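Undergrad: The structure's right below; bear with me while I get my questions together.
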Amino acid sequence: MTAPVFRLIPATKNYPWGKQGRSSLAAQLAEGAGIPNFQIDESKHYAEMWMGTHPNAPTRVLSTGQLLSEHLASHPELVGESVIKRFSLQNGQIPFLFKVLSFDEALPVQVHPDKQTAQRIHSEKPNSYADPNHKPEMALALSDFGALCGFLPTFQVAVYLSAVPEFASLLPNDIVEHFKSVARSPDESECKAALRDLFSSYVRVDNKKASAQLKHLVERYQAGKETDAEKQVKPLVLRLHEMYPEDNGVFCAFIMNHFELKPGNAFSVAAGEPHAYITGDIIECMATSDNTIAVAFSPPEERDVDNFLSCVQFNPTRGKTFIQPTMVTRGSTHTNGSLIYNPAIDELAVMQVIVEKGRTEAHHKLKGPSIAVAIEGEGTVVWADGANRLGMKKGQVMFIATGTEVKFSAFETSFKLYRAFVEVL
Ligand SMILES: [Zn+2]
């Protein structure tokens with residue numbers, strides 16, 4: 001019988017927005033993970049570490065070097081029949097993709113398709129959209145984490161259209177005037193339609209025109225000539241401009257909600273919800289898919305305005321509800337114990353496990369497979385009533401089969417890990 005708990009070799013992704021060299025948490029974890037021949041290159045930007053079965057950066061089994069998906073295809077009992085059936089899994093796939101992201105420049109302004117749209121864009125552009133699957137995701141902050149997500153209330157966008165001539169002048173006058181006239185309407189569908197018109201013409205603005213207006217705007221802000229209505233948004237505009245000095249995406253500051261999350265805060269992103277993560281180290285977990293439709297903060301050839309507009313949901317909102325973690329065992333966000341972040345996404349949930357020095361955290365059997373990654377310190381994972389154990393330290397990644405009771409113990413130092421899982425009850 002094959003072991004229910006075993007070590008994995010994750011994979012890294014380099015993108016220009018990732019933190020550089022050793023300053024990247026993704027690089028630090030990859031260094032500890034046991035990836036063959038991996039050495040941190042200080043000139044490279046390490047954006048992501050992936051753990052899962054997605055072919056774009058597949059995880060392997062440490063002891064054999066075999067792809068995790070191949071190993072699971074020959075041992076489907078590790079995933080479990082109910083999970084395989086529920087998600088129609090094939091070829092040793094698991095339903096979720098687990099990542100650590102580390103970035104100090106904004107990721108592309110993006111949306112993810114729902115299942116139906118994913119199937120369409122995958123068949124039309126298989127090279128850009130590798131999967132016929134949707135990609136709802138959850139982001140969990142490990143550090144301070146800045147993000148743009150969702151559209152601002154229309155009245156707030158109207159305030160900016162009046163206060164920021166550099167923004168308003170990018171857009172056709174009739175669209176701006178109509179928007180302002182309906183922005184406070186109680187008729188939600190009228191507001192949504194006006195937002196659709198405004199945003200659709202904004203994303204098609206000629207980049208030269210946008211960067212010229214951006215230059216004027218930044219010069220005005222740097223000269224301290226912002227109006228009261230712009231005081232709050234000014235730091236965000238300057239920060240985005242520093243990252244992308246000529247990108248029309250900087251004007252998203254006047255259209256999208258801005259959030260500053262603290263470690264332990266988490267939110268989920270639904271199909272069609274526009275977002276761009278700005279800076280931070282985060283855990284990200286999503287349905288297994290790599291379908292990202294970008295419209296700004298990315299090279300022109302990687303933008304897809306038409307598909308972005310066909311996917312994006314024009315739902316203006318005042319804010320976003322963070323996911324309230326629930327306790328599995330005694331503890332809190334910062335002390336010994338296990339917390340579950342369980343978003344409204346069938347394919348995934350993530351547990352944060354903190355084991356203080358000299359303590360043990362016991363997890364009952366989960367009804368689905370899981371992947372755990374050590375983020376800080378070291379300890380052991382024990383299973384089969386103590387008969388088997390493996391050491392685990394920063395960066396090391398474990399697969400834990402469905403129906404396996406495990407205990408995490410810390411000895412000399414405290415031990416912090418995240419465990420992504422799916423359950424079919
Ligand atoms: Zn995303």
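One is the number of the first residue shown, and numbering goes on along the chain from there.
Every residue, even glycine, has its Cβ placed from backbone N, Cα and C.
Annotations for this protein, taken from TrEMBL, read as follows:
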type	residues	note
DOMAIN	5-152	domain 'Phosphomannose isomerase type I catalytic'
BINDING	Gln110, His112, Glu137, His275	Zn(2+) binding site
DOMAIN	173-255	domain 'Phosphomannose isomerase type I helical insertion'
Undergrad: I want to verify one value. Collapsing DSSP to three states, which class is His275 (Zn(2+) binding site)?
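TA: Looking at the DSSP assignment, His275 (Zn(2+) binding site) belongs to a strand.
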Undergrad: Kindly assign His112 (Zn(2+) binding site) to one of the three DSSP-derived states: helix, strand or coil.
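TA: SS state of His112 (Zn(2+) binding site) = coil.
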Undergrad: For the Zn(2+) site given as Gln110, His112, Glu137, His275, which other residues of the same chain have their Cβ within 8 Å of the site's Cβ centre?
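TA: Close Cβ neighbours, site residues excluded: Val111, Lys135, Val269, Glu273, Pro274, Thr292.
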Undergrad: Please list the DSSP helix, strand and coil residue counts for the domain 'Phosphomannose isomerase type I helical insertion' (173-255).
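TA: The breakdown for the domain 'Phosphomannose isomerase type I helical insertion' (173-255) reads 62 helix, 0 strand, 21 coil.
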Undergrad: Using DSSP, how many residues of the domain 'Phosphomannose isomerase type I catalytic' (5-152) fall into helix, strand and coil, respectively?
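TA: Taking each residue of the domain 'Phosphomannose isomerase type I catalytic' (5-152) in turn, the totals are 37 helix, 48 strand, 63 coil.
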Undergrad: Let me check the 10 A CB neighbour count of Gln110 (Zn(2+) binding site). How many other CB atoms are there?
TA: 24
Undergrad: Of these binding-site residues, His112, His275, which scores lowest on Cβ atoms within 10 Å?
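TA: Ranked by other Cβ atoms within 10 Å, the binding-site residues His112, His275 bottom out at His275.
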Undergrad: Return the residues near Glu137 (Zn(2+) binding site) by Cβ distance under 8 Å, restricted to its own chain and a separation of at least 6 in sequence.
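TA: Once residues fewer than 6 apart are set aside, Glu137 (Zn(2+) binding site) is near His112, Ser268, Val269, Glu284, Cys285, Met286, Ala287, Ile345.
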